[in-house]
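Undergrad: The following block contains the structure, expressed as structure tokens.
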Amino acid sequence: MLEEKIKQLKEETIKKISEVANLEQLRELEIYFLGRKGELTKILRTLGDLSIEERAKAGDLANKIKNELTLEIQKARQNLGEKTDGSSEKEWIDVTAVKEKEEFGHLHPISIVQYELEDIFTSMGFMVLDGPELESDYYNFEALNIPSWHPARDMQDTFYVEGENLLMRTQTSSMQVRAMEKYGAPLRVVVPGRCFRNEATDVRHEHTFYQLEGFMVGKDISVANLKAVLEVVAKKLYGDDTKVKLRPKFYPFVEPGINGEVTCFLCKGKGCRVCKNTGWLEIFGAGLIHPNVLKFGKIDSKKWSGFAFGFGLTRLAMLKYEIDDVRLLCGGDLRFLKQF
Ligand SMILES: [Zn+2]
């Protein structure tokens, strides 16, 4: 008798489906017959009164019919959708349809430059490390040979957390001593990341910017090793005819300190607007790691030496894409970002 009821329900539903005029009616029909409080569910609730055997049989039949009806409704929905193509009634979504994969978003220009450098350095055996952006005064300044009285701090004002001795790191160099403590010597590391300074913003200054710090600690490391590594990097970035020029410059955590320039990749050294007609672009600061910094990192400066360097990722991205306002990079303006 129950089987009869189920079959009867099927006939009735199929007939009604054929009479349906729009998607709304079809949805009502679906709920009426197949919904959680629908007719089929009502019948299935009475299964409890049957013997196990009968229950299994009727249950199978009910499921079979439920599947058949679901299919019928799907078909009807498709037909209705097709009839009213383009109208608001076409709401049916075929979840099984195969669609070509869509690309959502893309890399930010700074990420492009960062990954490019990471690839170059990992190919030379450097580890890529991450570090905290909220950093202690110790790792950001003290351990880099910049005690609280040192005038170099004046050039790197930043945002401090009151009473905590914490600050937003001014440089990715803050990872030097952290990495030395953790891994000891020998060591090859690059640290890309976000840095912060208390700047009045204009086309060339931004309170948030990106750097890539790198350093190497080993036996008998000298400026020659530093130059060799950075020459490889410059050539991979800008082509085989790129030259590197090193000039002395003061940084408290290196001795000697070096200002690194490379042949301008836009004019190939002839002189242009971007390189201010010098033919050279200043793209990194570097030097041999100060023995005090090695000491802070618990590395014996009599046995080991090293070099360190820092690239401005923000600056590299601006050069690469000829971006003339640094504020565009973190401004979140899609008209700008969609160009990359
Ligand atoms: Zn140039």
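From the backbone N, Cα and C atoms, a Cβ is placed for every residue, glycine too.
In case it helps, TrEMBL gives these features for our protein:
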| type | residues | note |
| --- | --- | --- |
| BINDING | E255 | Mg(2+) binding site |
| DOMAIN | 113-339 | domain 'Aminoacyl-transfer RNA synthetases class-II family profile' |
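So where do these features actually land, and what's packed around them?
TA: Following the DSSP three-state reduction, the secondary structure of E255 (Mg(2+) binding site) is strand. Neighbour list (E255 (Mg(2+) binding site), Cβ cut-off 8 Å, at least 6 residues apart, same chain): G287, L288, H290, P291.
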Undergrad: Suppose you look only at the domain 'Aminoacyl-transfer RNA synthetases class-II family profile' (113-339); what would the mean pLDDT be?
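TA: Averaged over the domain 'Aminoacyl-transfer RNA synthetases class-II family profile' (113-339), per-residue pLDDT gives 93.
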